[in-house]
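See structure below.
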C-alpha cells in the first residue's frame, strides 16, 4: 500500500534544468562575445574534441607528412644552390689564374660578375618553396629563383639564367658519363651537347652561310696549288673539247666512253672547281646540269658508283655553292635509286634501272659486294636530313644494323660478298682491305663522325676491325721493314696489297684526330710511308694497282714486287688522300713534298698534250708507259682535289671538324645536334 507518510519521506517533486556558469566578462550585458585569443583558443579546442578519433589521426598524419617533405626539400635545394655557388667561384678563380683559358663551349650569355664587384647592388637570390608533391617532376630537383626587385631585375637576369644553365649542364655531364666507350686504350665520349664541337655549321635552308664563314680572309694560293689548277684546267680542256656531257674522256683518241650516260666526269668535278676557285668552268658545268642532265633514262646504273659520284657530288656542290638546283637533282637521283633496296633481305641489289624503277643483281650472281652496300650511307643519310624524308636514311641504316649482327666476321674483318636474298655473307674465309671491302671500314668511322659521334655500334665495329687488321693482316717487309696490310684467305696470309688500301692511313689519322687511340696515328704514319714507297720504288715514280711485298731479304730485291698483270696505274687518289690527312693533322711538310713528287710524275708520264690525262699500263717502263686512253672521272673528282688541299696551309679550306669526305672525295657537313 502506498501511504502519505511514504510520500512525505520521499521529498519534494524532481525538476530537470541546465546550469550555465558565466564569468563576469562573459555575461550578457558585461561585454558579451569579444573575439579574444583566449576565447578563440577554447572554441577551437572544443571543435577539435568534437572530431572523431579517425579524423584527428588523419589530420595529424598530414601535418607530419608535410613537415618531413619540407625538411627534405630544404636540404636538397640548399645543397644544389651551394654547388652552383662553389662552381661559379671556381670558374672565377680559374679565370684569374689562367687569363688566356677559354671554355670549350662558352656560354651564350655573359659570365656573372665577380663576387666582390658591386656586391651591394645585387640582392641575395632566395629559393622558392618546392611545388606540391603531386606536381613534382621525376629526376633531379629544379632550381627555382624568385624574381628580384624591379630596380635590379635587369642586372641579375643574366646571373640567374647562368646559374640555372650550369645546374642543367652538370646534370647532362652525369648522364653522358654512362655513354663512354672504352676500347683497348681508346676512351670515347659521344657528343651529347646541344653545341657542336667547333663552330656551328649552316642550317640546311642556308647552305652557303658556312662557306661565307670558311672562305673569308682566304690564304693566298701558293705555287704548288697553282700547278694543280693548271693540271685541272688541262684535264678539263680535253674533257670539254672531246667528251662534253659524257661520262669519261678518251684523251688519245679525242673521244669519250659512256658508262651510265650521265656526265660522270662533269658531276664528279663540280665541287673540285668550286674549291679551286674556277668560277668560269663551274658556271659552264652548272648550265649543263640545269639544261641537259636528265635522269629519266632507260639505263642501268651501279648503285654504289652512282651514289658516291652523282648523288655525293650533287649534295656536296649544293652545300658549297648554296644553289638549290643541285639539291633538286640530288632528290631526283636519290628517289630513282631507291628500288635497289626492294630485296628479301633489304640488302640492296647492285644495279638499278633509273628510268623504269627496277633493280636486279649482276647477271652472274645474286651477291652484292660488302663495300658497295655499306658505302652509300653518308650520302643517303644526308639526303634525308636535307629533305626531311626519312626513307633514304632508314634504308641504309637497316643495312648497317643487319651487317652489324652477322656471323662470319673474323675479329671485325668482313668477307667480300653478301647475298641479297638471304642477307648472309658468302665466300667466307677471305679477308682484305682492298677491292670489294675497303670502304666498309672507311664508312664505319665516317658515319660515326657525320652523326655527331653518337652511334656507338658503328664505332665498336670500326675499333674491332682495326684490331682485326693488326692481328691478322699486318706484316713488315724486307729489307726496309715497311709495315703493310696483306690479305687472309682461309688462314693463309698473302703479302698482296692493293693501292686501294692506301685509304687506310688517312682514315686512321682521322679517327685519331677525333679522339681514338693514339696508336692509330702511329700506325697511320707507318702505313703512309709504305704507300709512298709504292711510288718511290717504281721506275716511273707511280704506283701500280697491286704490289706484293717481300717477307724475306733477298740480294738485289726491293721491298716491292710487281706482277705483269698488276703494273697499271689508273690515276688513283688513295695515297694523295692520306697524304692530305697526314699533313693536315701533323703539319709535317714531307707529306707535301711526297705529293709534289707524285704530281710531277703524273705530268711526266700521263699527261696528254692535246688535253687530259690518261691511265697507263706499265709503271715500270718510263720510256713507254703504255697509255690506256682513258681518264677516270675520279682523277678530277678526287686526285686533283686532294692535291690542292694537300698543298694548302689553310685549315679552314674544307675544315675537317665541319666536313667529312665521302669515298669519292665529296665533302658533306658533320651534323650539329638540334
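Just so it is clear, glycine is given a Cβ too, placed from its N, Cα and C backbone atoms.
Here residue 305 (active site, proton donor) comes close to 259, 260: these same-chain residues lie at least six apart in sequence, with C-beta atoms under 8 angstroms from its C-beta. Sequence annotations record features per position, and here TrEMBL assigns active site, proton donor to 305 (among others).
Shown in sequence order, 371, 432, 498, 500, 501, 503 are the residues of the chain, 6+ apart in sequence, with a C-beta less than 8 angstroms from the C-beta of residue 438 (active site). Among the features that TrEMBL reports, active site is placed at 438 (among others).
Look at TrEMBL and you will find 545 (among others) tagged as active site, proton donor. All chains included, 19 other C-beta atoms sit within 10 angstroms of the C-beta of residue 545 (active site, proton donor).
Just so you know, the Cβ of residue 574 (active site) picks up 24 other Cβ atoms within 10 Å once every protein chain is counted. Annotated active site per TrEMBL: 574 (among others), in sequence order.
Residues within less than 8 Å, Cβ to Cβ, of residue 663 (Ca(2+) binding site) and separated from it by at least 6 positions along the same chain comprise 308, 375, 439, 442, 443, 503. The feature Ca(2+) binding site is assigned by TrEMBL to 663.
As annotated by TrEMBL, compositional bias 'Basic and acidic residues' applies to 200-217.
The disulfide bond feature in TrEMBL is assigned to 502-531. For residue 531 (disulfide bond), the same-chain residues 6+ apart in sequence whose C-beta sits under 8 angstroms from its C-beta are 499, 502, 505, 543, 574, 575, 578.
Under the heading region 'Disordered', TrEMBL lists 111-156 (among others).
Feature annotation from TrEMBL assigns region 'Disordered' to 184-217 (among others).
All protein chains considered, the CB of residue 502 (disulfide bond) has 29 other CB atoms within 10 Å.
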